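Reviewing the structure listed below.
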């Protein structure tokens, strides 16, 4: 009997070699692959950052993709006006012009999800008229007392364009659209030699138990905080301040055994709304130890220190940026800085620096 390999053995050897080669390819790919986990409480701006990545690194949205945002934008706009009108009832704020009642009924007759390529003219007219009413404006000023989308004013101010028969969502319309994230969404994009896999997980409390599946081999965490929400309560629990919830969540993530060696990039987001709110809603009412009045720089420093001081690991670096997630120019600049940080962290983890 000869000493040559049987066909079966040859096939087995070929399979083993293929597996070895695949493992080598995987190891090489992992070195150039960045797994980034987006964390933060609900409505902190995580999904907006993902949309920015598409605009900055993937050539933006096609016409068909923009079309698909129409119904979301219509629904966000109508729902926001409905929320204000309901709040007017509970806060006992009357319409200045009672003739507006006809428009109120038009809004309440709309379904939760607006379908179709065009916003019905009577709905656009109702929103435009109601938004000019002083009673509606007064209720809007008190929006910290109820749950209103950040995008409400933007869509109301642009309602004539949004309600036009030939309306096509622009970048800003898309960035400000809101759909609650449930489960885990993954976005992949390439910057230079690196492939980024960015995971967005639902921020509401009920979604957090699902985060565990994203924890393994994460290169970095991008943690978002909506600092403008210092005077607001949670959607899920209206006894809890949103900023306090963000601090609690950041503490648990920053000091978790899962993330001892993971770099954390902290985006203190929604600085535009924060700056608007400070003179109107004193931060000291919600954080009694704050002494900076309505000084924007002092308020930013206070919030930054509240978060960074939670870090219990001397060797752990937290990189911080103040951001406006809907500002593409600023996010492009900030993400370039983040990319530099990640490259350095990657080289350190590989033992190359």
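Using the three backbone atoms N, Cα and C, a Cβ is placed for every residue, glycine included.
According to Swiss-Prot:
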type	residues	note
BINDING	43, 44, 45, 46, 47, 48, 150, 175, 181, 203, 269, 270, 272, 325	GTP binding site
BINDING	47, 181	Mg(2+) binding site
COMPBIAS	7-21	compositional bias 'Basic and acidic residues'
DOMAIN	32-353	domain 'G-alpha'
LIPID	2	N-myristoyl glycine
LIPID	3	S-palmitoyl cysteine
REGION	1-21	region 'Disordered'
REGION	35-48	region 'G1 motif'
REGION	323-328	region 'G5 motif'
Where residue 47 (GTP binding site) falls in three-state DSSP terms: helix
Residue 272 (GTP binding site) in three-state DSSP notation: helix
Binding-site residues compared (47, 181, 269) - highest count of Cβ atoms within 10 Å: 269
